[in-house]
Amino acid sequence: MNHFEFKDGELHAEDIAVAQIADEIGTPFYCYSTATLNRHYDVFCEAFSDIDAMVCYAMKANSNQAVLKTLADRGAGADVVSGGELLRALRVGIDPKKIMFSGVGKTISEIDMAIASQIFCFNIESENELALISARAVDAGMNAHVSFRINPDVDARTHAKISTGKKSDKFGIAYDRAEAIYRHAAGLPGIRISGIDMHIGSQIIDLEPFDQAFDRLASLVGRLRNAGHEISHVDLGGGLGVPYKNGDATPPEPHAYAEVVKRHVRGLGAKIVFEPGRMLVANAGIMVARVLYVKRAEGKTFVIVDAAMNDLIRPTLYEAWHEIQPVREPVAGGETMVADIVGPICESGDYLGKDRTMARVAEGDLVFVSSAGAYGAVQSSTYNTRPLIAETLVKGGEYAVIRERQTLDELIGLDHMPDWLEG
Ligand SMILES: *Cc1c(COP(=O)(O)O)cnc(C)c1O
């Protein structure tokens, strides 16, 4: 469910006409809905209200500080994967005791920053990382709370680029190595073992892989405890899929996912940590663009819009399907067209949608791309010297620009001439 709906023939984000925002700030831009963010967060939490649960929003999905603060005000912690994300989380006032630090390649300065901030826990992904965190914690005269990301070796049955829980993926510690690494960690200075972690992938639309992975993790918790390790929290990662396309297999509702979770963790007496990203923000955002040209080629129509793959790379990177429609509501029985919706970038991979049957659009019309709140703005680039686009947040009848459109001077001004080319 989301709060982007047609009212009086015009797409609205909550109570604001999207065309009004376009008139005032230009295109393209992202637009997020506060009500949808809140609703998704609440629905997820409600599914776990009867267990000791902590939700650490996986902010790599959308790290804008206004989005982050909206969720944090609702009670969310953060799952961070870089020092930059940690800084954003701290800046918006998220309690360090609700911050989880995940990721395969933490640098020394990132580790130091997290130790100094006294975050809830590091999710450690290798023995070398463990050794480094131990050394840095000792240096700082502190203890680092750690859990290990265990790779349960299950097939998440999702796109290869976002599957992370198989042996062959770069993530986590092999299931068979888990007990040895906990034994080793228990003897290291500066290290406090506090839990266990997994994350098997993203956009998972099938409960079976979760079921298998949770089962393997829960039995490991028993063995680790028997060996004397303290496992006070169990982090089940994120990955719950969202609907992108009407008619596709619908991803499980949070309560169905919760049933599977509870079946495996109820007896553990541990705090259960979740790291949802996409599920909270994907359908809380759209991207709005304007049609530049409608080009009719041999047997094919191209709708060329002012947003491109640098602004939303998901279609070309993951072969992702995003609904694309005109902002003015199509009239029933009106003319339709079959077209590729593409951007201005000099790449054949620059498309937002292919072979789409949609209401006929003309030059100057506004269109919107649905489900663009997750892995959209955060993955944008300035390829073709295209400035980063604006992001807006709506709340009821108000909206705010939460990230300015980058200017060309800001973008080009980052380059520097070496002395030998000067003058
Ligand atoms: C990306 C990621 C998540 C969030 O995944 P979603 O599919 O967006 O829910 C959670 N945990 C870790 C470690 C991740 O890398």
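Residue numbers in this text run from 1 along the chain shown.
Including glycine, each Cβ sits where the backbone N, Cα and C put it.
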Per TrEMBL, what member of Gly239, Gly334, Gly413 joins Glu275, Pro276, Gly277, Arg278, Tyr375 in binding pyridoxal 5'-phosphate at one site? Gly239
Which of Glu275, Glu347 has the fewest nearby Cβ atoms, counting only those within 10 Å, among these binding-site residues? Glu347
Would you find the one among the binding-site residues Tyr318, Tyr375 whose Cβ has the most company, meaning other Cβ atoms within 10 Å? Tyr375
Annotated binding-site residues Pro276, Arg278, Glu347, Tyr375, filtered by Cβ under 6 Å to ligand 1: Pro276, Arg278
Would you work out the biggest C-alpha to C-alpha distance among Arg278, Arg314, Tyr318, Glu347, Tyr375, the residues that bind substrate according to the record, and give it in angstrom as a whole number? 27
